[in-house]
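**Student:** TrEMBL feature annotations, pasted as is:
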type	residues	note
TRANSMEM	67-86	transmembrane segment
TRANSMEM	93-111	transmembrane segment
TRANSMEM	123-146	transmembrane segment
TRANSMEM	153-170	transmembrane segment
TRANSMEM	190-212	transmembrane segment
TRANSMEM	240-260	transmembrane segment
TRANSMEM	272-291	transmembrane segment
TRANSMEM	298-318	transmembrane segment
TRANSMEM	324-342	transmembrane segment
Amino acid sequence: MNEMTSSSPSTSMPRWRQWLQGCVAQPLFWPLLTLALLLVGNGLFNPGFLALEWRDGHLYGNLVDIGNRAAPLVLVSLGMTLVIAVRGLDISVGAVLAIAATVAAWTIARLQGSGDGQGLVPLAAAIGAALAVAALCGLWNGLLVVKAGMQPIIATLILMVAGRGIAQLISDGQILTVYYAPYAFLGNGFLFGLPFSLFVVAGVFVSLQLLLGRSALGLFVRAIGHNPLAAHVAGVRARAITLALYVFCGFSAGLAGLLVSSNVKSADANNAGQLLELDAILAVSLGGTLLGGGRFSLAGSLVGALIIQTLTSTIYAIGVPPQVNLVVKAVLVFAVMLLQSAEFRRRVRGWAVRPAKEEGR
């Protein structure tokens, strides 16, 4: 008894180490640490990088710019997170963004041309038309996956290829310019001193967190991701939920399209949302969501999107050619895929244990 009591202090772990292990075990620890290191590194390289300034009733600074520019990617990443959580994938989000942006610009141009462009009528019509078309695109993808039984990457590849063609048909191959102040406010306006796009992202994020956290939907999504057949046998409407999540993914891409086009006051069907699907998948992966489904984190995807935008801003700030940005993203994708590979982790553990065994001999 005395021997056990005397040995307990030596085997007990210090509180600081327990706290550190608890932090490391949190899913958001590594994404937040990565983001913090990027910001601190930028602050050391450029002392004014983290500075904020209140001017003309607005808050200005690199941090505000990063959040504003990351807003469309965050919206798309949230939709992508839920689709991936149920073992799906949507590589058409960039094309859907282009379609929504083009529909919004086309709607405003037509209403202004017909003399009905007064007040907020064009704004309401543009938002409604763009989001409805984007949701229909998501419904199309969902039906191909759920009803037709296509592989998600093949089903969404169809719209990825055809989507930009559809957008160019709507715009007649032209870049549509929008001269309409209420619409420009979506991407350039300020509310309470902060960019309005941040409030759009916050509204969508909080709504999803409440919906998934306060209802059974979050459990259903995880159950479908872990085992769709078992979830169906247990009474979960797996097909209906999967279809709804694809619709939301299209909706979120459409909302991102509104922010992008209103920010630049135009709609470019050929270039809007180019390679956005890569950034969205990377943001979701960096945030800790398993690409195999089951485990997901909306907060992690938000942080992942901020990491990507901060990395992009860093590359531009240090004067590196923009082409390097794609190489860095490819390396990140490769690293994330390795870390999520069970076989790779097993081999790393084997390499780590082997020297310890040899030293013991």
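The chain as shown is numbered from 1 upward.
Backbone N, Cα and C define each Cβ position, glycine as well.
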**Student:** Name the range, of those listed as 67-86, 93-111, 153-170, that has the largest tally of Cβ pairs under 8 Å with the transmembrane segment (123-146).
**Tutor:** 93-111
**Student:** Among 93-111, 153-170, 190-212, 298-318, which stretch has the highest count of C-beta pairs below 8 Å with the transmembrane segment (240-260)?
**Tutor:** 93-111
**Student:** I need to check the long-range neighbours of the transmembrane segment (298-318): which residues 6 or more away from its ends have a CB within less than 8 Å of a CB in the stretch?
**Tutor:** 27-28, 31-32, 34-35, 38-39, 41-42, 45-46, 49, 62, 65-67, 69-70, 73-74, 77-78, 80-81, 201, 205, 208-209, 212, 279-280, 282-289, 324-325, 328-329
**Student:** Taking a Cβ cut-off under 8 Å, which residues six or more beyond the ends of the transmembrane segment (67-86) line up next to it in the same chain?
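**Tutor:** Contacts with the transmembrane segment (67-86): 93, 97, 152, 195, 197-198, 200-201, 204-205, 208, 221-222, 224-225, 228, 238, 241-242, 245-246, 248-253, 255-257, 259-260, 276-277, 279-281, 283-284, 287, 289-291, 293-298, 301-302, 304-306, 308-309, 313.
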